[in-house]
């Protein structure tokens, strides 16, 4: 009799072998000599993690209870494989071209890289798979306890062994599943170990089967007779369950995270599917071939009441075949361990990429541009996730009591995971599927599944018997196991039917009613038409992206060496080797895909988005998405742009025309004014010169008076012409400023001296010299011209008895103001708007000026970037000259 | 003289495919139909009579026959898909499942 200690020893030896194989495979892969590791055979065998301990041990028990119904679990995947050419091949192609890391990543990436969807799928997967892991732990402990029962000397503690098994599996998964953070997310070590385990479990089951058929029953013929004579000897299945379970198995085969991991993520070459398409169904067929014989013989020869789930193990033991029992034990052990390892790995990828990393990134505040290596964080997150998932599985096992309740879990998990199917299939084949639709469908399906299947079956105490019998709040048609009053269905069929159909209906209806974001439409086209253009998703407009930031971020995720290699190869491709590459859209796409391999599509997209900023979708992309309507749209938008341009041009033309008309009017007015101004002195000059010529006998005094008048008028004419010339130069902007440095007080001194020279009327100036000690850098002559004008005006027009002029200098941070305030009556309100116009004069009595002085002042101040304004509300005439502080030098 | 100028219509896709492409299209059709065939084969057992004590001779189908049918059908499907894989072995990797046009 095999002792328990020997069993433990064999177990440890087997695990050591697996470690060695995984380690060697990783080494080979690292050296690039892993051609046989990438063979279709290894791929096919790795798919066999579909056959867990639940199917290894449980299938026989299933057959002993329900006859041939157990084959449905294998028929589903077979049907999926039959359709590999248009189904799985597309999935694998998308997975490879988009660098998908998990099923959650695939769904989120399809629906616009939405992280909320990824979180949803991840939670669903954790809830669905954790009990499944518990089931594996149970099967391992059960098989241990069978040996313990047979070994009278063995001291066996169930709980501690479960803990040890869980810890051991977690360590294996951590060691080989999170050793490296490969951009391709491939784990050659784990896959090779899984392939080895696949061979062991197949050999074990076939060995037991051969022993039963030829060793115990005496050949095929007697075996068949024995089968027909047994209590499961007649074909009898529930049609509803047959169809529902086949469907669920097919759905789970695609949607289970661990299956997705080995089938899509670990896939090296999609041509492997061609081999797997026939080899994997063959593997399943062989796995199920001897199930019924073992069940029948077990029912025959084992004592009444023995657990049919353990026939694979108990029949060899009861016949004293210790070697066979050991092999069978190893088969079951392999099934459980490979499933748990890959499932924990796949779940940890999902949890770390879609839950931990987004939280960590947002908690760091600075987002993707924080320095430091993120790889450690990712790996740590994965390791912790694996440990947490294993712990969850363990606690679930303890809480559920490890009894028969667990056996039902396999199918319940299948039904839960199958809720992903509508979103997945819709995403792959229907461009109209939207993120909102997928989210609503998932939530509805998940809720119905929980209500109709999970709670009634497992949650003893969570749903009272009253609710099961009469529905919540006495609403009969809401009974969990008879929704809408349709009673009498098998609970499994009932839950599958309602959860999946409501899920699909919600998904389709909401998808039809909602409108996808541009990125969703783009990804939708990429997914659905993946065979037409297997390029990656289009997207980044790199003009704003900073290569350096990208480099820093990639180093943290890919590691310094790999990131530098990537960047330098890209730089070489761009022809700028030795420098950082330009962030072209193509390069950004490539970088995003590389990063997606490590942190998932949604996170990678978000990280690059943080650095690149702005939209990832250009107008051209959107037009391409919108297909035929796009062209119409483009055409009409071009037309619109053209018509807008036309109307803009027309408006400009109209404005120009109005301006020209105004100018013409102004020119006419100006000409008439100028001619008027010129005519007045000319008239008096002509008149007096005619008198001098024609009148004889003029008094010498009169002669002198008339000649003086002519001289004065000629002077006035000259002044007028000078002013006009000055104004035209200033207005045409052709004036050259002669910038010099000087003191404001000097300018004022010069101006007052010039303005008051030769004047008969006295004007008292009030100045505050200390205020005027201001350094200026401007055209001092022009400025003086303005001051002269203002002082002369005050002298001329101030109507006070004793005219006084007060010059005040003040200013603020950016402007310097010089006020000229006299004590006269000032400019009447209605004339204030006019005084700066040409030929504007107030009053006609003193017609010594041409009325161009203030107009010239205004023009000069405009050239000097300042203003001259009339100050209203002050007694007396007041003008303010404002200069920009730029003209004032920094105070010494 | 010179060769006759190509007529504009001739440049378009030919109406009929050459034999090899035609065969390939039909194989793709077959690949699409295979799961349907599989489903058909696997639900046929649901039509079999179930044991009924009220009907004389209503013993239903013996388990051995059921097993033989199931596994034979299963094996047949495996052979068919393997043959498809074999014949599609030389197709280029980028063949779309729809092919260029539906031919």
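A Cβ is built for glycine as well, from the same backbone N, Cα and C atoms used for every other residue.
Caution: TrEMBL annotation is automatic and unverified by curators.
What TrEMBL lists as coiled coil is A:636-673. Restricting the average to the coiled coil (A:636-673) gives a pLDDT of 86.
Under the heading domain 'Histidine kinase', TrEMBL lists A:673-887.
Per TrEMBL, transmembrane segment is recorded for A:40-60 (among others). Only residues 6 or more beyond the boundaries of the transmembrane segment (A:40-60), in the same chain, are considered here, and those with a CB under 8 A from a CB of the stretch are 70, 73-74, 77, 132, 135-136, 139-140, 142-143, 191-192, 194-195, 198-199, 201-202, 204-205, 253, 256, 258-259, 262-263, 266-268, 271-272, 274-276, 279-280, 283-284, 287-288, 291, 294-295, 298, 308-313, 331-333, 335-336, 338-339, 342, 407, 409-410.
Counting same-chain residues at least six beyond the ends of the transmembrane segment (A:67-87), those with a Cβ under 8 angstroms from any Cβ of the stretch are 50, 55, 59, 232, 234-238, 241-242, 245-254, 273-274, 276-278, 280-281, 284-285, 287-288, 291-292. Marked as transmembrane segment by TrEMBL: A:67-87 (among others).
Counting residues 6+ beyond its ends, the transmembrane segment (A:116-135) has Cβ neighbours under 8 Å at 52-54, 103-105, 107-108, 256-258, 339-340, 343-344, 347, 350-351, 353-355, 389-390, 392-394, 396-397, 400, 406-407, 409-410, 412-413, 416-417, 419-420, 423, 435, 438-439, 442-443, 446, 458, 600, 602 in the same chain. Taken from TrEMBL, the feature transmembrane segment covers A:116-135 (among others).
Summarising the annotation, TrEMBL assigns transmembrane segment to A:156-178 (among others). Within its own chain, the transmembrane segment (A:156-178) is flanked in space by residues 4, 15, 18-19, 22-23, 26, 137, 140-141, 144-145, 148, 187, 189-190, 193, 337, 340-341, 344-345, 348, 379, 382-383, 386-387, 390-391, 393-394, 397-398, which lie at least six positions past its ends and keep a Cβ under 8 Å from the stretch.
Residues 45-46, 48-49, 51, 56, 283, 286-287, 289-291, 293-294, 297, 301, 312, 315-316, 319, 321, 324, 327-328, 330-332, 334-335, 338 of the same chain sit 6 or more residues outside the transmembrane segment (A:198-221) yet have a Cβ under 8 Å from a Cβ within it. What TrEMBL lists as transmembrane segment is A:198-221 (among others).
Only residues 6 or more beyond the boundaries of the transmembrane segment (A:242-260), in the same chain, are considered here, and those with a CB under 8 A from a CB of the stretch are 47, 49-50, 69, 72-77, 79-80, 87-88, 91, 102-104, 106, 125, 129, 339, 342-343, 345-347, 350, 411, 413-415, 417-418, 420-421, 424, 490, 492-493, 496-497. Feature annotation from TrEMBL assigns transmembrane segment to A:242-260 (among others).
Per TrEMBL, transmembrane segment is recorded for A:280-302 (among others).
Residues annotated as transmembrane segment in TrEMBL: A:323-347 (among others).
A Cβ distance under 8 Å defines the sequence-distant neighbours of the transmembrane segment (A:377-397), meaning residues of its chain 6+ beyond its ends; these are 126, 129-131, 133-134, 136-138, 162-163, 166-167, 169-170, 173-174, 177-178, 181, 340, 343-345, 347-349, 351-353, 356-357, 360, 406, 557, 598-599. The feature transmembrane segment is assigned by TrEMBL to A:377-397 (among others).
Residues 52, 54-55, 58, 61, 90-91, 94, 103, 106-107, 110-111, 117, 121, 124-125, 127-129, 131-132, 134-135, 138, 245, 247-249, 251-252, 254-257, 309, 397, 437-438, 441-442, 445-446, 449, 453-454, 457-458, 460, 492, 495-496, 499-500, 503-504, 507-508, 511, 524, 527-528 of the same chain sit 6 or more residues outside the transmembrane segment (A:404-430) yet have a Cβ under 8 Å from a Cβ within it. Per TrEMBL, the feature transmembrane segment maps to A:404-430 (among others).
Feature annotation from TrEMBL assigns transmembrane segment to A:436-454 (among others).
Sequence-distant contacts of the coiled coil (A:636-673) (same chain, six or more residues past either end, CB-CB distance under 8 Å): 838-839.
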